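Reviewing the structure listed below.
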């Protein structure tokens, strides 16, 4: 979570560090998501054959190296390349975490899945606080405001050809922000390696093989629909989380510290609701939680579009939007596991859908927001994604439950109860 969340509040500082403006550096999201995409595919294969804990430890160690290298990149191409390689490790980590939870607990793992994704949200919440509030703003806030950034970037690039590829950043706060994230991920990787050398786990393989027998009639169709669902959901989540800081400073006119607080309130309510969802998942079905999340996202994103110039409304709607987005991803995985078993390759497939949303939507929005600075393009994207996911989930639910009702008609004498009262899960 800290590795993903640190990009949003440091985006402007990274642009200054490589002498680019925000719009021209939006390809960094493509680089990050493409690396995440490759990591998810690689992870989906490797987790079928390698020890889960060892592979997670290697991924965390690679994440550490990437976090230390990013602030030293002095050209945009090198920064995007390092971010891509750094994201491969995170893609393996993300796929592996979901696969490990499903291998250990199967369709009973909804609270554990919520706990896993709560840890992501907590890190994303802490990242803006670390980057902007704890360490403060020095160089980027005082000497490199957005109006002053464009002329130097245009004038320096033809003259200063032999600039170094790697150098310490002028803003030491940028360096310390990424170094802090790298130090934390290194400590976690040490614990994972210690767990691996302590006792190799054979339980995961036996549990996973026991779950292969449960396969829905429309298994592939459900995976494709969940692929599309996560494409728009994750695209909207990452777009808002990454651009709300820049949007608040340039479009609404907030100070950087206030915009960092707005960024943190989004991830804060996101993290808080994921924490509460650990307990809600014990008494609510995953499908019910998805429906509630869709309603909250739809209402709050509409509120954001209608009152985007009002700072108070922006704070309230951002809080509700973050809370509404919180449980959708882990609930979607737990919901699908109730109807069909998910192995490493299946998990990698819908995680790839999330990667593509992470890659395509923020990159396109960065370009459009630069071309139409007076329009709240970020907010329009969130509203459009909320409408799409709210329409798509009933289709997924119908496709998942109809074969079960049909099968129950042939096998059970209690078929009436199944048909009349299908569980929303």
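Heads up, the Cβ atoms here are built off N, Cα and C, so glycines get one too.
Nobody curates TrEMBL annotations by hand; they come from automatic prediction.
As given in TrEMBL:
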type: TRANSMEM; residues: 22-46; note: transmembrane segment
type: TRANSMEM; residues: 53-70; note: transmembrane segment
type: TRANSMEM; residues: 76-103; note: transmembrane segment
type: TRANSMEM; residues: 115-135; note: transmembrane segment
type: TRANSMEM; residues: 175-197; note: transmembrane segment
type: TRANSMEM; residues: 221-245; note: transmembrane segment
type: TRANSMEM; residues: 291-308; note: transmembrane segment
type: TRANSMEM; residues: 314-336; note: transmembrane segment
type: TRANSMEM; residues: 348-372; note: transmembrane segment
type: TRANSMEM; residues: 378-400; note: transmembrane segment
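Counted over residue pairs separated by six or more positions, the transmembrane segment (221-245) shares at least 3 Cβ pairs under 8 angstroms with the transmembrane segment (348-372), which defines the two as touching. Under 8 Å from some Cβ of the transmembrane segment (348-372) lie the Cβ atoms of residues 21-27, 29-30, 32-34, 36-37, 40-41, 43-45, 91, 94-95, 98, 223, 226-236, 238-239, 242-243, 247, 329, 332-333, 336, 378, 381, 385, all in the same chain and six or more residues away from its ends.
Residues 3, 6, 14, 39, 43, 46-47, 79, 82-83, 85-90, 92-93, 96-97, 100, 178-179, 181-183, 185-186, 188-189, 192-193, 195-196, 201 of the same chain sit 6 or more residues outside the transmembrane segment (53-70) yet have a Cβ under 8 Å from a Cβ within it.
Taking Cβ pairs closer than 8 Å, the transmembrane segment (22-46) reaches residues 7, 11-12, 14-15, 55, 59, 76, 79-81, 83-96, 99, 146, 153, 238, 242, 246, 344-349, 351-352, 355-356, 358-360, 362-363, 365-367, 369-371 in its own chain, all 6 or more past its ends.
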